[in-house]
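The block underneath contains the structure these notes are about, expressed in structure tokens.
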Amino acid sequence: MDPQKAWEIENAVKLVDPTRDALYKYDSMEQKKITSDRPWRADVHHFKHVRISAVALIKMVMHARSGGEIEIMGLMLGYVEHETFIVTDALRLPVEGTETRVNAQSEADEYMVKYLERSRQAGQLENAVGWYHSHPGYGCWLSGIDVATQSTQQTFSDPFLAVVIDPHRTISAGKVEIGAFRTFPEGYKPEDFGSSAEGMAAVPMAKAADFGAHANRYYSLEVSHYKSTLDNKLLEALWNKYWVQTLASSPLFTNREYVTKQIEDLAAKTHVLQGNISSRSSLPPMGPSSRRKGGDEQMAKLVKAAEKIASEEKMGLMAAMVKEKVFAAGAPQVDAAAHAVAANGGDTQMADAKAA
Amino acid sequence: MAAKDEMPNPLLITGKAPDASLAVQLHPLVLLTISDYITRHTLRSQEGPIVGAVIGQQDGRHFTLEHAFQCRLAEQRGDVVLDSEWFTDRLEQYREVHKAPALDLVALFALGPVDGPQKVHLPVLKQVQHLTGNDGILLLLFHGELMDKLQGGKLPISLYESVRSEQEGGELRFREMSFEVETGEAEMIAVDTVAKGGSTAVAVQKADTTTTTAAASPEGSRTAKGKGKGKTRDKQEEEGELNTLSPEDDELIASLTAKSNAIKMLNDRINLIRSYLETVPSSQLTDASSTTPPSETTNHPVLRSINALLSRIPLLSPPVASIPTQPTTSDSNGHGTVHIQPPTSQPTINTKEALDVHLTSLLAALTRSVAEASAMGSKFHVVSRERENKARNDNFGGGGGGGNGGFPGGRGAGMMVGSFGDGEWSTLDASEQEL
């Protein structure tokens, strides 16, 4: 067999659909042009979307999960296109975060530079377009330190993007909890205050002050992901391999600790709200609803958080119920059939298979 | 996977491996990295073969293949090999960030034909085995030609271990190995997320999620915007009508769909076993009174593993309703691997769990009702104040008291949230911990 054929280059070409997989292309000339034009300078809201490749997403989620309670950090490779960041790959950085914050160190910088150099030599020409880190258990938003880090990056190596992943909530909700953010320049006042705060009903008590203090310093981008036609086929084949886990997992059991924590947090918040309201009601009724409004908002957040917990729990229960109906409902018959097998040796195999 | 014996490959040793304890677990990320590399390589019209490294854990004869990366290649006396300095450096970089658990090079990947490794694969594998001093480096071949005819969950890859045969002057030969796909919890969710957002549906799905999030954005932000932003509120409500499902509902539907797909798959597998058994010609095996010897084509290992599977079922399913453990064949050919889940099967726990979940739902509903009652109270307060002011303007401080009456009601509702909600949540909390 001749060497070219053995390496199967032609076959590789057949696996790719140039139009549908267009995001995998990279035009370094165009990127240079964009980088020199800097269209994001004119509009602080220039970037609105992020598209993350299948590989990058999986790498980031796995990395976040591997950290456990510790925050981890890494970089994203990719490029920009119009108002969209295209993330093609992700790499881990050797940074040890504490439980609540993570900050790049010079050691990590050195690693990063070397890594990118090696990547380029191997044909991955993309630049770093952002950094990602994890918030284990407290949702996707930027803390004060994160805002400072991101702000520096946007000043010196724009276009740059911050991505936050919450591995704990990813596991408990069964879907990837991810947020992408860019900070506003120093001194910029967003019109719609709290736009980045949407969906942030469940920031834990301990973090709420930090969250509130910086919530108007950044905005979030819409995150979506993409995959190639080849990925698609592979994933189809893979699904056949891992469907077992869909049935076997029992979220109620695995998430118990997390749910308990969530409930604890909610109870504490409820308590605080109760305190606020009772202290206020002891005052004579005065002024229109200005003070009232804060309480309503808090209450709405509590409702939201409570409903979230309830719906996650409900999902877990349904998983357990489905399993019970499928596997345990017929248990007596299976039992009987199995005893028949034991009694008669292999003769009843066919009948038994039917019963099962 | 059985060796393809219709096209003998001189480099391939057919037949069973002498040591069956070898276990290889392949993670989907490796597959997707290879696929990513192929797509990128092709679309950017890069030259040369596609070769990369796979890192994972190795413990004796147990391998896991967890991450992969592409490699820079060089040419050496006409052979394709790795750029060894580049490779050593790169591998070190990967080692540095995969310390717990520590991952190291376990395999190389390349494209290759279905009938196994070719001569061109030898130099690079030898080089790596030499560089790492590890003779156990595996070779993973990706078969592009199989891509269009994938069936029954077969992946288009094969894994080979290299064997140095003693008689033939130390030549490297290969033996095909079986592997199973393994996913971590987080990995599975990520892969699932990627798999669901089908590439043809990307645009539609994107629009869909934006409307749902907008519609269900927390009440807090809506109330915060207040009256001045009536327009945005109207818009949001319009969207809400268009798409009445909350994100929670969407999630629930998605998880149920996944479940039903999985059950369908299980059903398919069981049917496969059934139909296989039905086609077995009648003989001693199907009827004890018969004296016909089983036909020569009978596949005894398959029958035996089916039998083994069936006899395990009663062990796994307890007699009373409970969260069951779950047996299933992972391979239609009857290599019966049985996945067992640790038994959590006490009916009492199950009922308790269910009660807990119901309690949570009730409390959530209660919280919402109380919040709404409180909002109602404050709205009433506003209205009554207006009325009071009007009345005062009309007849200078007339019936102010009536208007004020509504207000403490609102307050009361607010307090109820606090005290009631708090108490109940703590109770639940305690019961959760008890479990």
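Backbone N, Cα and C define each Cβ position, glycine as well.
Per TrEMBL, these features apply:
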type	residues	note
DOMAIN	B:24-166	domain 'MPN'
COMPBIAS	B:205-216	compositional bias 'Low complexity'
COMPBIAS	B:237-247	compositional bias 'Acidic residues'
COMPBIAS	B:384-393	compositional bias 'Basic and acidic residues'
COMPBIAS	B:396-407	compositional bias 'Gly residues'
| query | the domain 'MPN' (B:24-166): mean pLDDT? | reply | 83
| Of the residues in the domain 'MPN' (B:24-166), how many are helix, strand and coil by DSSP? | 48 helix, 48 strand, 47 coil
| field | Summary of DSSP states over the compositional bias 'Basic and acidic residues' (B:384-393), given as helix, strand and coil counts | value | 10 helix, 0 strand, 0 coil
